[in-house]
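As written in TrEMBL, here are the features:
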| type | residues | note |
| --- | --- | --- |
| DOMAIN | 1-72 | domain 'Inhibitor I9' |
| DOMAIN | 96-530 | domain 'Peptidase S8/S53' |
| ACT_SITE | D105 | active site, charge relay system |
| ACT_SITE | H176 | active site, charge relay system |
| ACT_SITE | S495 | active site, charge relay system |
| DOMAIN | 608-712 | domain 'Subtilisin-like protease fibronectin type-III' |
Amino acid sequence: FSNQHTWYLATLSSVSAKSKAETNPTIPFSKLIYTYNHVIQGFSASLTPAELESLKNTPGYVSSVKDRVVKIDTTHSFKFLGLNSGTGVWPVSRFGKDVIIGVIDTGVWPESESFNDDGMSDVPSRWKGECESGTQFNSSLCNKKLIGARFFNKGLIAHNSNITISMNSTRDTEGHGTHTSTTVAGTYVKDASYFGYAPGTARGMAPMARVAMYKALWEEGAYTTDIIAAIDQAITDGVDVLSMSLGLDGVDLYEDPIAIATFAAIEKNIFVSTSAGNEGPDVGTLHNGTPWVITVAAGTMDRDFGATLILSNKVSINGLAQYPGNFTSTEFPIVFMDTCSNKTELSKIKQKIIVCQDPGKEDSLDDQFNNIQAAGNIAAVFITNSSSVDVFVQSPFPAIFLVQKDGDTVVDFIKSNTDPKASIVFKKTILGIKPSPRVTSYTSRGPSYSCPLVLKPDIMAPGDSVLAAWPPNIAAARVNQDLVFSNFNLLSGTSMACPHVSGIAALLKAVYPNWSPAAIRSALMTTSDQIDNTGSPIKDIGGNLRPADPLAMGAGHVNPNKALNPGLIYDATVQDYVDLLCGLNFTQQQIKTITKTSSNNCSNPSLDLNYPSFIAFFNDRGAKPNSTTVVEFGRTVTNVGDGSFTYKANVTPINGLKVTVEPDTLVFKTKYEKKSYKLSIEGPKQLHKAVLFGYLTWEDSGKEHVVTSPIVATSYKIEK
């Protein structure tokens, strides 16, 4: 044989032929699943017992092992991001050892297993924070993992002096803070799951980092006064990273307390990670479009949760589901009720699985869902292509959601059988979903209201159905009218994406303690992925599955291991941000609001921040037809690779625009050497499309580093 593969195929072919001749000639040919080149000398295949016996008598046979279900050590997002214990940023950073991450949120459930401090060394001596006692929260509840817990509600009380705060301590009464803080740095917890979905070992992005919780969001309300008090305290306490899954919509930088407070954090070299918001897919909905923080969009993972509908003809159909209750595997009659709009008819049906066809109108799935819930029955099958199906999958009654193609199979089965029956098996976790990641429809889009000349969001991270710790006394779901509880919960939102990036930044901070927040952000952005797991451009669920533009996903999907070795970084100093504020024509008063000093040096005002991305506005509505303009950007990159490198520029062609880079070759002789270049975009004064985009890449001659920056040209006008 010319190679192993052809030998294996021939072996299987002969084995299959033999067993077919001896047993049942209708058995389909057993498929070769994989040919292995390194892990074993051999292959995997799907065989009948007879074929296996036959295989054992073929020349060269050594041994065979039955395939088993693997327990994945995960709630999965760390694996999807490529983090593993043997190589890359986890071992190099010692899992984020001793980096201190401050989380501003709804508090924490300190008893959660995710905060166990097994194997952690003493708290770093530089830590100045503390564990405050309060209602149902004793200072002894902190440990070497949860090293700080403080709460801030004076602003809340000031707004309502008669208020009664139900839990006047850092204890979490909502769950959000417990979830985000364990996503960022939760310790290993075995056998974690959400009612049997997403089973595995849970852990955060930086499992050996320390967590300090600053509770500033309350069930009774949340005010920026309390939030900036929390940021202030976190700076004093000595956090290295700040994670904030919150923001304010439609405010200018000098009127955004969060932007102002985080400027102070940047001055102290604290990396600040924020969420983009959940107001997508409309453009210009993003908050935290602040130039000195990282703004995180939400993507999907390669994991779905579902159920299997098994028809009585033994055909199995997989669909989406997150029903948390237990469900019998009994077969029930199954009936098709078209659009399920007739409530009277629905209420007459008893002890049957009801199938509904979504007509695809606005809110039609919502109406069907409510009709079925009101009628009450064994279970429901919804056939829908709605992109908002995520909202319904955690249903309080047994429900499975099928795509149209699979739904047609079910309807055909019902119509062609006199006594159609089916059963449903819930709590399935499906890995390896393709394509992924995708941009979620809810993630808020740029341009940034507060600073449109800096492209936002910056980066995308997993935000959909993220499993993390949850307070056991807060309902995680509903089964019919009953509340059900869990130590872990699946949540979606940019709130979940933000702590992923906070944790990954902590890993980089552990490796490069002297890097500025801008350098870490640059490393994350320029090494991110624009390609999904099928090798195609990442698609946008909120944009009819067209390739996602940078106003939706920023530079791309975060790739922690690549960020460890970015090659070049786009650094920015506090003065660079001041130059930007001066260039924005802010008054001295407004600038002072942000910088907290009256001696602001405005000798070099510039709207061109040294940022790892580019956005140009071609929105002159009064322009003459065919008139063009040129937008120029200056950038300086620092070589952080060891040794000398020659980098060459490449720009993806962007239809209707001419993009040039000068010079297009950068030669670095030493580490930390800086080089500058100019990027120019020539295009019509009034662009006829809303968004055009492409990418600039700098690649070194040894192909060790590829430094990628998104380029956006847009005709949007930001209305203030």
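For all residues, glycine too, the Cβ spot is worked out from N, Cα and C.
Cα-Cα distance from H176 (active site, charge relay system) to S495 (active site, charge relay system): 8 Å (rounded to the nearest whole number).
Between the C-alpha atoms of D105 (active site, charge relay system) and S495 (active site, charge relay system), the distance comes to 10 Å. Non-local contacts of S495 (active site, charge relay system) by the CB criterion (under 8 A, 6+ apart in sequence, same chain) comprise H176, H179, T180, S245, L246, S275, N278, G463. In terms of DSSP helix, strand and coil, the domain 'Subtilisin-like protease fibronectin type-III' (608-712) has 0 helix, 62 strand, 43 coil. Neighbour density at the Cβ, taken as the number of other Cβ atoms within 10 Å, is lowest among the active-site residues D105, H176 for H176.
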